[in-house]
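So TrEMBL lists the following for this protein:
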type: TRANSMEM; residues: B:16-42; note: transmembrane segment
type: TRANSMEM; residues: B:62-88; note: transmembrane segment
type: TRANSMEM; residues: B:109-139; note: transmembrane segment
type: TRANSMEM; residues: B:151-173; note: transmembrane segment
type: TRANSMEM; residues: B:180-200; note: transmembrane segment
type: TRANSMEM; residues: B:232-255; note: transmembrane segment
Amino acid sequence: MSAIEIRDLGKSFGAVRAVDGVSFTVEPGTITGYLGPNGAGKTTTLRCLLGLVTADSGTALVNDRRYVELPHPLTEVGAVLEATNFHPGRTALNHLRVICAAAGLPPERAAEALEQVGLGEVAGKRVMTFSLGMRQRLALATALVGHPRVFILDEPANGLDPAGIQWLRGFLRHLAHERGAAVLVSSHVLAEVEQIVDNVVIIAKGRLVRQGSLAELVSNGDTAIRVRAADPGELVPALERAGATVVQSDGVLRVTGLDAERIGRIALDERVVLTEVSQERSDLQHVFLELTGEGETS
Amino acid sequence: MRLIRAELLKLTTTRLWWVMLAVTIAYALLQLGITIGFAGVTGGQPGAPAIPGRDTAPFQELMWGLGASGAVFPMILGVVMMTAEYRYQTITSTFLTTPRRERVVAGKLGAGVVVGLVFGLVVLALTAVAVVITVPLAGGELSFTGSTARIVVGTLAVLMLYTLFGIGIGALIRNQLGAIVAAVAWVFVIEAIVSAIPALRPVGRWTPGGAATALTNSGVDLGLGTDWLLPAWAGGVVLLGYALVFAAVASATTLRRDIT
């Protein structure tokens, strides 16, 4: 059983097709990055999944049920949504006490969840005094009160400082890889999540463009080797004869189709001095931008 | 039941509820004070005084009936119970916690009944103290008749139901300021006009204000007359009908809407 199963989901707002036939699943113990540029339909998908927005077509299930059919939703699903806010005059602890009361959870969970996200010391402070990062932590505490095994987070890194992002990554890893939770986390910045996700689902203009493991996505990008040589004019024809594709700019050769050892041997045969040979890291962000169609304009 | 408790917790963990309670108390004291002060005063005009003397039974009934006019304050609280959720986007976590939205609406309406009841009891307690002190001092005899009981129960009902109207208006309008302005304008402008202008009274007696007055009317004519009102029982039925309509409005506007 998948923790999250989305099948042929569709939703329009007026004439805008926000989500168009999206399908994917999230398994327990894994972190799935739901990626796409702003306005791609990520938030709408997640809100359909959580019963806040009614889908036009398709299904979105958590633990094999629609969210609205879950008898005790907070004990199964923890959600952090972008447009979730807090009453500014209510304290952090009281915010969680209200949630616990409505969910039928023991009231002590409120203080415990605040401790878990590092807000224990400001439990009695009104939310109006909180920074954006503290609000994100409070939102995460809200997701944690019911000890759920499925987490759905919409752009959780927004507003967090680098230390906060680091903390969040560690926390999500702990939830998924140590406690076996299923984590679905959306982002429009691949770099924010690429270190922690096991799988990626990429969406653009409401449609799914790619899904698979992170490793699969990386291997789909072409890997090139950067070469600098004392006399590139001699080397380029030799490399091309060996079957490489060479792009030359500013004295740097970007070679694809040959590995570093072959390039070295060809240089030796041609008696050309190499001043640099380096594996170009496959630029995942580049792949992401190409896939989502944003790279074309830049 | 736990949703009613959660809704009451939402109210008591923010400040507005006691501000509104303080305003309600101040308003009730003002009205009681004015009524006591002008009781039996004829202003040099011949004939009976506008407000009966402090030693009379009608004075006591009039006093008991004053509380219902403060219904606008719990009504505003009812409006805010709904609009604050949209204003601060807490509606998202409310619906994530309780995705069956009809339960959220029921919880709010239940909490609204409790709020109206508490406000009503506070106002009636103030009235009781004022009556018990004033009447014997003026040499009158305390009386609690069937019509006093009707006025007391009516006052509780009016405050309760107005709180529910507030919730309905809040669900319908959602913009906090707009909803409060609409509620206050309704009570102080529209209802005041249709009950003051004789030609409009056939309409006025069917409004919530007209029905509330019928339910808590002491028979003392304060210048607008009382003969145009519905009978007390019909006033109660009309008010209940409005409460049901507003509950239906609150449900219909809340249940299907996408929360984006």
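Yeah, the Cβs are placed from backbone N, Cα and C, and that goes for glycine too.
Note that the structure is a prediction, hence the values are computed from the model and not measured.
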Go through the chain and flag residues at least 6 beyond the ends of the transmembrane segment (B:16-42) whose CB is under 8 A from any CB in it; none is fine as an answer.
48-54, 59, 62-63, 66-67, 69-70, 73-74, 76-77, 80, 115, 119, 122-123, 126-127, 130, 134, 138
Under an 8 Å Cβ to Cβ limit, what residues of the same chain, 6 or more beyond the ends of the transmembrane segment (B:232-255), are close to it?
82, 101-102, 104-105, 108-109, 150, 154, 157-158, 161, 164-165, 167-172, 174, 206, 208, 210-215, 217
Mind checking which residues of the chain, 6+ beyond the ends of the transmembrane segment (B:109-139), have their Cβ under 8 Å from one of its Cβ atoms?
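Same-chain contacts beyond the ends: 1, 3-4, 7-8, 11, 17, 20-21, 24-25, 28-29, 32, 36, 39, 53-55, 59-60, 63-64, 66-67, 70, 73-74, 77-78, 81, 152, 155-156, 158-164, 166-167, 247, 250.
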May I ask for the residues of the chain that lie six or more residues beyond the transmembrane segment (B:62-88) and have a Cβ under 8 Å from a Cβ within it?
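7, 10-11, 14, 16-17, 20-21, 23-24, 27-28, 31-32, 35-36, 51-52, 94, 108, 111-112, 115-116, 119-120, 123-124, 126-127, 130-131, 134, 148, 151-152, 154-155, 158-159, 162-167, 169-171, 173-176, 179-180, 183-184, 187-188, 212-213, 215-218, 220, 250.
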